[in-house]
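Going by TrEMBL, these are the annotated features:
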DOMAIN    31-117  domain 'Pyrroline-5-carboxylate reductase catalytic N-terminal'
DOMAIN    260-393  domain 'Ferric oxidoreductase'
TRANSMEM  217-239  transmembrane segment
TRANSMEM  259-282  transmembrane segment
TRANSMEM  303-328  transmembrane segment
TRANSMEM  359-385  transmembrane segment
TRANSMEM  430-453  transmembrane segment
Amino acid sequence: MTGQERSEEKSECVSLSPMMEAVPAPPESERVCVFGTGDLGRSLGLRLLQAGYGVVFGSRRPHSRSSLLPHGAQVLGHAAAAQSAHLIFIAVQREHYDFLVPLANQLKGKVLVDLSNNLRKNQYPEANAEYLQSLVPGAEVVKGFNTLSAWSLQNGPSDANRQVYICGESVEAKQAVIAVATKLGFSALDQGFLSVARELEDFPLQLFPQWRLPLRISIGLSAAFFFYLLIRYVIYAYVTQGEDISFRIMVSLANQVCPIVSLIMLSLCYLPGVLASFLQLYRGTKYRRFPNWLDRWMLCRKQLGLLSLGFAFLHVLYTLIIPIRYYVRFKATERTVSVIRENRTTEFDTTTAWRGDSYLSLGILGFGLYVLLGITSLPSVSNALSWREFSFIQSKLGHLTLLFCTAHTYLYGWNRFLSSSTYKWYTPPGYMLCLVLPSVVLLLKLLLITPCVDRTITRIRQGWERGADQRNPKDSQPLIP
């Protein structure tokens, strides 16, 4: 910034409009400054005003920016704005930090909150907050609020629990920022010193980090079963019978892949919990970390469950359109005409009716519980539940969902596993393969809920350790009567 520009800025700061001079200046303890009049700066200023803070915006051209800013905020030049508040939010990009260098005297002892992010990782040799600290060494720089968007700042935490991550060298400066974040309704989390700023700046650049493993699993399972079923049905019919049924790929084949992947992924949600219980039972203590692969698996159970619910939704939609398919209507009409021409009748099979109704009923119940699990996994819903309520739905009702869906698949297969025609090219059908994992999970869970095993697991999770009875006689008293 040239000397002429600084002199013009000072003259603009003095000649404020009467409307702006009429705004009473709040006490400095309740006044904050925002450098930056973009979407993020305006949204932050609006939220601060709603929380009762006096907001002063710093701008190169105060008069031209006043109409765009929230009503009730003051607009001053950078120098005057820096002197008006102790806490200053820097809502500008790193490329524009140079205007802060001439303000070093005014910013000395101030708390500067850096909200900037980068376009890509490792864009600069050091973090933006560290670079800002080097430009203004007399100020206390705190990294924070950079993981929030302009939309979430305007709406606050009403849509979900929003965390504000901060880091900095000064404990007092971080406490001041935490106080503001708490008053705005956000949950502040201190991440340590300013050296962590690069990690915080990388947070917004991450693309679904917790979804990568579940997405890979779902894509891998979908591709594997698609090609497996393609060989068993389409290619098998063409090779052995010379029949072209490739049109069934679009609906019939997809409607077989979706429920198979859905059931396997639902099983993968509950298998790590079962494995963790057996591991604790084997070790006889809860005070040892699980292996890294099991930790990672357990942390992505929510994403596995939501993807599983998505495949279940697709299965329901594909099933609903079956009656309007040309192939189905053609076959039904052909069968009816054939029966009329041959003047024959078919008897009503009560067993088949029971099987069909039970199959549909279990599918509906399983899908209903599926949807309930998905709804309660939303932060806005789970925050309204106690831990016992959340655990009851996600654990007990979750295993019940797995039981219903597994029984639904068993009824679909019924006694077809006894027919040799089921094993085309000596391979089992896809629904038979997908029953292996959920059946194992349910059997292991049944073993865990037996009274003797469940009692031991409960004691371990309450702090009991195997072998502690010999080390401390007081530990010999059972934790559960």
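Sequential numbering from 1, following the chain as shown.
From the backbone N, Cα and C atoms, a Cβ is placed for every residue, glycine too.
Fair warning: this is a prediction, and the values are worked out from it, not measured in the lab.
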Tertiary contacts of the transmembrane segment (217-239) (same chain, 6+ residues out, Cβ under 8 Å): 245-246, 248-249, 252-253, 256-257, 260-261, 264-265, 268, 304, 307, 311, 424-425, 427, 429-430, 433-434
Other parts of the chain folded back onto the transmembrane segment (430-453), taken as Cβ under 8 Å at six or more residues beyond its ends: 225, 228-229, 232, 256-257, 259-260, 263-264, 266-268, 270-271, 274, 277-278, 281, 399, 402-403, 405-406, 409-410, 412-413, 417
Helix-strand-coil residue split for the domain 'Ferric oxidoreductase' (260-393), DSSP-based: 110 helix, 0 strand, 24 coil
Average model confidence [pLDDT] within the domain 'Pyrroline-5-carboxylate reductase catalytic N-terminal' (31-117): 91
